[in-house]
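A.B. asks: Here it is: the structure, laid out below.
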Protein chains: 2
Amino acid sequence: MEKVHNETEVQFLNLVKKIESYSEALALLAWDSRTGAPKKGMKQRSQVIGTISSEVFQLSTSKEMAQYLEDLQIPDVFHSLSEITQKTIQECQKVYDQNVKIPSEEFTEYVILQSESETIWEEAKDQASFAKFQPYLEKLVNFKRKFVEYRGYEGHPYNTLLDDYEPGVFVDTLDTVFGELKEKLIPLVKEVSNSKHQAKTDFLFEHFPKEKQRDLSESVLKEIGYDFEAGRLDETVHPFAIGLNPGDVRVTTKYNEKDFRVSLYGTIHEGGHALYEQNISEDLIGTPLCDGTSMGIHESQSLFMEKFVGQNPSFLEKNYALIKSHSNGQFDDVSIEDFYFAVNESKPSLIRIEADELTYCLHIILRYELEKALIGGEIEVADLPRLWNEKMEEYLGITPENDGEGVLQDVHWSFGAFGYFPSYALGYIYAAQMKQEIVKEIPQFDQHLLEGNYTEIRQWLKTNVHQHGKLKKPSEIIHDITGGGIDSKPLVDYLTEKYSRLYQLGK
Amino acid sequence: MEKVHNETEVQFLNLVKKIESYSEALALLAWDSRTGAPKKGMKQRSQVIGTISSEVFQLSTSKEMAQYLEDLQIPDVFHSLSEITQKTIQECQKVYDQNVKIPSEEFTEYVILQSESETIWEEAKDQASFAKFQPYLEKLVNFKRKFVEYRGYEGHPYNTLLDDYEPGVFVDTLDTVFGELKEKLIPLVKEVSNSKHQAKTDFLFEHFPKEKQRDLSESVLKEIGYDFEAGRLDETVHPFAIGLNPGDVRVTTKYNEKDFRVSLYGTIHEGGHALYEQNISEDLIGTPLCDGTSMGIHESQSLFMEKFVGQNPSFLEKNYALIKSHSNGQFDDVSIEDFYFAVNESKPSLIRIEADELTYCLHIILRYELEKALIGGEIEVADLPRLWNEKMEEYLGITPENDGEGVLQDVHWSFGAFGYFPSYALGYIYAAQMKQEIVKEIPQFDQHLLEGNYTEIRQWLKTNVHQHGKLKKPSEIIHDITGGGIDSKPLVDYLTEKYSRLYQLGK
């Protein structure tokens, strides 16, 4: 008996390793497609990606896999297995269930619709024509509603979609924390907008040579501890980080010679994602646990680096000379205080990806409320433009001139990614919770930034977040750090304190 | 019946497509590993390559494949198929036979030995210690001798190995053409060495900035017709060209600031390989026919571009101003005649990869004679250093000071690649045969180079060589161009005429 289940375990883990190998090949194909693969090879490239993806799908849902999962989950067997094997089994079971519950013809139809919709969305966005996109979005929403029925749900149907991105987080929790955020942030944003003390920012937009930005990005990545022997930095239109394995986590960035912040903060943001994956425990290599535990925790790592490190006054003080030496001299007469105020300027704006940290979560909450209601059948696709604009006015005091800069601005819905948006706001909330705890354990946090010494900070992040990969669920990560659950208070406190000071509120 | 074999054909072609998709992924993994993949990810990368390679092996030798091959080769069925399907079947049958005839345990042992030997060879070469490498090379040769027995052979056992690289070419033919080359080239090399008229070359080795070499490489690649929308140029230690599919054929080069010829001619050489694969007919995509037909024909395309185009006086005349404008001024006082003589200098040298076109084939013939005798059991590994040095003295009039610059210099034998070397010399022979024919059809060949107009030349190469991929065997390519077989005379004539003129022989 002992021998038999050992053999099953070995065979199961070999199958898992095979799936992970194919996934790494897919990650390289994706990276390559976005960093300079010749366009005339793309048609054949799709074939290659299609072949390997469908192999991964087939292995994940094979009879072999089903049998291993069944045999290894017999209680006596399961409890004799290591924690890594147990959680690998649970992860594979989850993927198996997701994939087998949806009838394959419907899924194929959906995949075709996804790629059509993305193309139509691009055109619709350019033409600011919601009518053009509406029938596609309606079909996508209908598919999603049906898929949720197939997969089953507890409480609200949206919970099932949330589970794809933020396992263990439900509508109830989001309603609470997002409600608190709204209550505090809407008036704060208004006060900031109305403050007479505003930042001077013209120097941010002067010419900053691309090659110099590249050097600056490399220096800053090295400073925060990104390991260039386990990664590389390339240029793309849409920056991203991608982990092939912990020894190969690649970052891309974008250079705008009229706004150096795009590359500086884009690089630090993606660098935060990359640090996470470079520091996952080697024990998890070859299993599906060798990945970030959720989109929200992943985003917390990028935002921690971007906001709590990169926009921190001590970081800027340490690096201002470096930034100046790479620039064309535009900061020579700008004090560090004015520079700090400028890079932390807050202003309500229409476009999410250009939003600052104070207004960002309101963009997300708006999307969350709309997509939750859509999936729940409380509103219909046709209602979206009107509701979008009403909420923009209510939360940020501004209204889009057209749907291109409104409801059509994001790509996510065009490929059916409902349930994804909340992760961005959760990332802010988690990051603020972590910041509150890390300074208790490392009171010299700011001093370390001033000295460019990240050893203790990185060690803390590795110990508490990075190394665990998917071994811990998001809620466990947060509980083990804070002793409690998701809490919006640290973020509200941080933003209130910071922006009251910057904009001299109540003075 | 009709329907049944149609279905079998469709299933067979789908299986072939799947194998080709995996092969494209392997090509990307190989390119990435050599162009900047982070070194800490390499251990896991080997797993990925191992998984996909073994999948390709299993699909190629599966019962499914065996059954399709049997069913589709029933004469009535076979003759009803398209030429592409027929040749695809033959190619798959060849791979199948190669792979199933060798017992898999022995093959695994051999693969492990290969990677050990390559590491040991590197050390042995650095230490110039043949004794260190000898036991590994002996094992490799024994494996190869056994594998040839398993696979069977006609005439000489070396024929089976030749077939892996140059199908349809046998020892008899090589003995004849290489014998003719030796007879003519050995005295010619002596005359050139003894000529009082020697080239002045010091200006070749002055500083040439890397960035400028890069620009020059790009310009020249564009000029000869390399399509940058179907490829890209990167930097590596060992330059290569690799085709993922005809829309994605990548080139790499190496920059030596003390010898610009390394990048200029390295780029043109790899560009020649790349032009071949960029111009394979789209009809062959997704089949094993979408590749160069042999190593020798592949090499003929790189050498045609490097030698008959790049070192041609008309090419140099056209591009001398461009080269000068990229350099640091070292050619300003050098006449085009002196420049042409310098880049075409010939001098016996110890290292194959640094040899010029006049002496190169003698390096190859030496290796061919040794490895043929080794596989035939006429000599033993222990005899190699002595025989190597004797032959170097006989063919080139020089003797290595140690085995590091002698018998240990090449990597090929260290991973068991016996039968590969002849392709290099065949490439020269084929290229010269093609050159002789192309000028009959395009008498303005030199004029075209002078004008940088490659349309007709590229069209000729595409029509006669490139488009066919593996649809035509090497001997068919040569026959359809020349009306005859492999012939060393065009190469001998070309070299005799060129070097007699350059070195003023017989004057």
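Using the three backbone atoms N, Cα and C, a Cβ is placed for every residue, glycine included.
Okay, so TrEMBL annotates it like this:
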- B:His269, B:His273, B:Glu299: Zn(2+) binding site (BINDING)
- B:Glu270: active site, proton donor/acceptor (ACT_SITE)
A.B. asks: Counting every protein chain present, what is the number of Cβ atoms, excluding its own, within 10 Å of the Cβ of B:His269 (Zn(2+) binding site)?
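C.D. replies: Excluding its own Cβ, B:His269 (Zn(2+) binding site) sees 23 Cβ atoms within 10 Å.
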A.B. asks: So what sits near B:Glu299 (Zn(2+) binding site) in its own chain, CB-to-CB under 8 Å and at least six residues off in sequence?
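C.D. replies: Expected: B:Ser423, B:Tyr424, B:Leu426, B:Gly427, B:Tyr428, B:Tyr430, B:Ala431.
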A.B. asks: Could you name the residues, excluding B:His269, B:His273, B:Glu299, of the same chain that surround the Zn(2+) site, i.e. Cβ within 8 Å of the Cβ centre of those residues, in sequence order?
C.D. replies: B:Ala241, B:Glu270, B:Gly272, B:His298, B:Gln301, B:Ser302, B:Leu303, B:Met305, B:Glu306, B:Gly427
A.B. asks: Measure from the Cβ of B:His273 (Zn(2+) binding site) and count the other Cβ atoms within 10 Å, all protein chains considered.
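C.D. replies: Result for B:His273 (Zn(2+) binding site): 23 neighbouring Cβ atoms inside 10 Å.
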A.B. asks: Report the same-chain neighbours of B:Glu270 (active site, proton donor/acceptor): residues 6+ apart in sequence with Cβ closer than 8 Å to its Cβ, ordered by sequence.
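C.D. replies: Long-range Cβ contacts: B:Pro239, B:Phe240, B:Ala241, B:Val251, B:Thr252, B:Thr253, B:Ser302.
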A.B. asks: Which of the three DSSP states, helix, strand or coil, fits B:Glu270 (active site, proton donor/acceptor)?
C.D. replies: helix
